Every structure is written in C-alpha cells, then in structure tokens.
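Novice: Take this structure, written in structure tokens, and hold onto it; I'll ask about it next.
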Amino acid sequence: MLLKTLFHLHLSFLLIFTSQAAVQDFCVGDLSAPEGPAGYSCKSPAKVTVNDFVYSGLAGVGNTSNLIKAAVSPAFSAQFPALNGLGLSIARLDLAPGGVVPMHTHPGGSELLLVVDGSICAGFISSANKIYFKTLYKGDLMVFPQGLLHFQVNAGKGPALAFVSFSSPSPGLQILDFALFANDLPTELIHDTTFLDEAQIKKLKGVLGGTN
Ligand SMILES: *[C@@H]1O[C@H](CO)[C@@H](O)[C@H](O)[C@H]1NC(C)=O
C-alpha cells in the first residue's frame, strides 16, 4: 500500500515536472534576429513588460491614397512581437470608396474577417476552382481558409472598415497581380504561363511598376 502510494506520488511529480518543463507562458519575439519557420527567438523574459503585450498601431485610419484605394495595417509578429509563438494575429483593413484588396493569399494562415463599418464584397476560390463570394455588412464575419486566393471590394458608397484575424502570428501576404506584374518577370514568360496577351501584360506592368 505504502509502496503503491509512493509510486503514485512519484508519477504525479514526474507529470507535474514534465508539463511545467514543456509550458512557456510567452515568447515575445526578439526582432533583432531573423525570423525562422518557428518564428522569432524570445526576448529575455526579464526584459518583458506589460507594454510588450499592448499594441496601439491599429487605432488610426490607414492611408488609402494609393492605386487600390485600400490600406492593410498589420499587427503581425513583426509589428507586435508578443504574438510570436501564439498562433494568431490581426490586421486593420480600410477601404475607401472604390477600394479593393486584389486577389491574394496568406500562405501561413486562415483569415477571419469582421466588417465593422460599411459593406464589403468578399470571396475566395477553392482549390477545386469553385467561387464563394458574398456582400457583407456591418457585424458580418467571413472566413477564408488557409492558402486560398481571396479578395475584398468595397461594396458601398462610403468608406468601409474591417478587421481580419489570422491563425498565424505571421501569415504572409502575396497579391496575385503584384506577383505577376510588379516585378521583372519577362512579359513573354507571363504570356506563356497565363495566356494573357502581351499588350495587356505591358499595360499592367506599367501601372504596377513592373519591367521587362
Ligand atoms: C498618404 O499616402 C500618399 C501616397 O503615398 C502620400 O502622398 C500622403 O502624404 C499620405 N497621407 C498621409 C496623411 O500620410
């Protein structure tokens, strides 16, 4: 009986020890070192203060004076290092009238959009090439599964505001038109790989700052 109790005690100490060793409350990112696949390394916990856990960068309206009339203000681990290792992040999306977030993907995470003001037509394309899109209004949520191409377009006459959260502290962003037309990928190769005609490719390169 005594032996059995001792054994159980020993076992529970082992379990407590193991779970304590495995759990870390937080790992505020140390941005002075490069980001790896698992995120940033940790800032020394002794140097962490409450201010590491607070980020005020999404309070203001983003600058939508640009080609897409849209501003995405990220609070990813690069801006808000306390998110490092926690598996989530958020961004603010401002859309001026006529604003659009062109077709894009986030390789690293799924996205949950909440419309706070105005209305937004949003959609995604599945890998079976089925389109799912809808006009969303204040209070509506829509989810965009990880890695799939998706878009948001201001569907109203006034500005629209949304917040988008991600299942990754660093979800990444690749905009399809920028990938195709904002760099020096040769026009001929774009034609070969997309079947778009060269005049259209050159026109879009001109608008988006691409060459070749
Ligand atoms: C917004 O961005 C435009 C274009 O980059 C710039 O000219 C303008 O000064 C910016 N406005 C503000 C308020 O920062």
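One is the number of the first residue shown, and numbering goes on along the chain from there.
From the backbone N, Cα and C atoms, a Cβ is placed for every residue, glycine too.
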Novice: Taking TrEMBL at its word that H104, H106, E111 bind Mn(2+), choose the one of H150, H191 listed for that site.
Specialist: H150
Novice: Go through C27, C42, our disulfide-bonded residues, and report the one whose Cβ sees the most other Cβ atoms within 10 Å.
Specialist: C27
Novice: If you average per-residue pLDDT over the domain 'Cupin type-1' (56-202), what number do you get?
Specialist: 96
Novice: For the Mn(2+) site (H104, H106, E111, H150), what does the 8 A shell look like? I mean other same-chain residues with CB within 8 A of the CB centroid.
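Specialist: These residues sit around the Mn(2+) site: T105, F124, F144, L148, L149, P171, L173.
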Novice: For the binding-site residues listed here (H104, H106, H150), which one has the lowest count of neighbouring CB atoms within 10 Å of its own CB?
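Specialist: Lowest Cβ count within 10 Å among the binding-site residues (H104, H106, H150) is H104.
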